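See below for the structure under consideration.
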Amino acid sequence: METAKDGEQSPSEASPSAQAGPENIPEPMSREEESQPLYHEETIDLGGDEFASEENEPTSEGSHNFGDKLNEHMMESVLISDSPNNSEGDVGDLGCLQDVGEPPRGATDHRLPSSTDKEVVDTLSNGSETDGDDTPRDISDMTPDSRASLKEDSTQEDVTSMPALENAATEEVGPKDSLAPREEQTSEVSSNQSSSKDEPLPVCTIFSQATATPSQPHLFLQDGFESQMVKSPSFSSTSETSAKTPPPMVQPSPSLSTFFGDTMSSNSLASDFFDSFTTSTFISVSNPNAGSPVPEKLSSLTAPVGEKSPDSTSPSYSTRMDRSESGVSRAPLDVPESPKPFSQIQAVFAGSDDPFATALSMSEMDRRNDAWLPSQATREVLMSVATQQYGTVFIDKENLTMPGLKFDNIQGDAVKDLMLRFLGEKAAAKRQVLNASSVEQSFVGLKQLISCRNWRAAVDLCGRLLTAHGQGYGKNGLPTSHTTDSLQLWFVRLALLVKLGLFQNAEMEFEPFGNLDQPDLYYEYYPHVYPGRRGSMVPFSMRILHAELQQYLGNPQESLDRLHRVKTVCSKILANLEQGLAEDGGLSSVTQESRQASVQLWRSRLGRVLYSMANCLLLMKDYVLAVDAYLTVIKYYPEQEPQLLSGIGRILLQIGDIKTAEKYFQDVEKVTQKLDGLQGKIMVLMNRAFLYLGQNNFAEAHKFFTEILRMDPTNAVANNNAAVCLLYLGKLKDSLRQLEAMVQQDPRHYLHESVLFNLTTMYELESSRSMQKKQSLLEAVASKEGDSFNTQCLKLA
């Protein structure tokens, strides 16, 4: 006979999603290409709006000298990009805002054609347009002859871009140094004046970033490994854009126990868990289309055909990729007043609500949640990656994380299988549940499956999404790149497997992650994808799950060892914070409010580790150490003191220590006297009922359970235990009526596995012809429950 107890949910955190993006690095042109227009290079103009006008609109003759303005504007672009900071990081930050400022006064506010706008926004949204190690490209000055020619003729002309400078420090080119190229350019510009007026002007700048389109694939450096196409599970290829899109926000996810608990609250939806990485426009390595703003829309699993997968990267850390060629961005010629460098920066931030404060808030939240202390070997690898300039850091394949699905079979539906066996095909056809193919192939569908308790279908969908990330079946042991997106998917899949009791499958798929300390599981390993971000990409709850899994496989000592390692790191981080340092022990300049938030977070995480250790000790039947561990947890969760003391008392009841259990129950009454509310009174009455159960006084226990039901008629624990008391009092019929009435009253809430197990046991005690009643329960389960229901409680097999 199974007696339901109060379930306690344990807190856990999930790491956020983050930004990533591929990068293309420009290459210097040869001498022969200097005087030819780059028709096959796509270029981006930092100030595209100042040079844009309606198509085929001629330039007015009263405008300023075009050559001077173009030259001055391009030189300012070089000055901006050649700042001491990494240009790649700067461009990534500006691109995330995706705001285009108003042109200076006196300039015509014309926009580029829609296709050009999309290409510019997509490319600026890419987090790594250029590499700080590469030499910036410059535009040579034009001769006075060519300026005169441009001033006389007001039609649109082709302007050729000059080769990149060999020295990055050289920002200005003197007239003597570029005399020969200018003469060649002058003759060519003069000859081009007789061309058609409809020829567009390719706008030149220092960046050469190709837009990922189906007809323009990226060319990656050949690394000897199979490249996989990655389609983002979080964003669609919708081409619509908006004028403004809020900056991407990274928010921590709530506890999985909220959604995987035995009793699900109506206001605890699975959508809450995934909001942190489905409602923000994050930029991912496997998601180069994230830059295209898709406001208030969640995407399907689609991506341009020409995209390359992060799986094509080699096991060694490499930053070089070949530059792809594409069509030149075309826009009509306009000659506004040339803006100053600071005007350009202000134009980018125009219309945003304090973007610097937003970025600071995001970084503080990331720092708190992502902080972790790597091992010495991992720290050395990350330092070599951070300090490398022009070389490549090579890492052994054994030190990388290369996961893949170990099984790809469909999980199926055990409830429907039982219906086919006992009720026939006609009855089984009436069962309609969601599966992995009937929902959107994205996080939206994953949330829907979890909220409907179709966890087996959710496992299948996680496998499909991981396959889209290049980590599917058969990919185990192959090089891959990780994102917070993919690691969240792994965590959800593994948590679902553990919840379904598929411990062996979870262990096999956890194996490639090792001890979760490989260097490619840290943000520092991807400086061009996550510029400036530090910490671990692994969710903290995934570390807890990794440690707890072994106790379900019969290795509780291994679980304790892993939990002790996690506890050591949490204690060290908490000690650093309490000493006024950063999480990693370095100097910190955060505000007092932010420091208090970090201390609170890591105290909560340390308490969560101790809670898992206490559960493991309880499983090992080391009750003395388990009680001590639970008492220690109270220091970190003082608001849960009544629940923890009640749990300790019930543990003592199970081992027969009635007096000590009564002492702890009295302590609960003292604590709850300070609290007002119904829950405190119910907790005290429940403890008294269990105390009488431990003394085999079922009549008194039934009285207290009945009193609880008068105060809270929906209390399933009290209802189930009251029926059990009636059974032990010899009142089988009354016990059956109470359980049946409870199930019929609210099937969705009371079709609990423990309740149904007790009910089927009573059916067997009542009559040898209990199969028909069990089949009736199966029909009720089929109409309400998802595919995660444990059919063993029905005792039909």
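Even glycines carry a Cβ here, placed using N, Cα and C.
Since we're looking at a predicted model, the values are computed, not measured.
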Based on the annotations in Swiss-Prot, which residue of Ser125, Ser324, Ser536, Ser589 is described as phosphoserine?
-> Ser125
Record-annotated phosphoserine (source Swiss-Prot) among candidates Ser12, Ser128, Ser190, Ser312 = Ser128
Of the residues Ser10, Ser309, the one that Swiss-Prot lists under phosphoserine | Ser309
Mean pLDDT over the repeat 'TPR 2' (642-675): what is the value?
-> 93
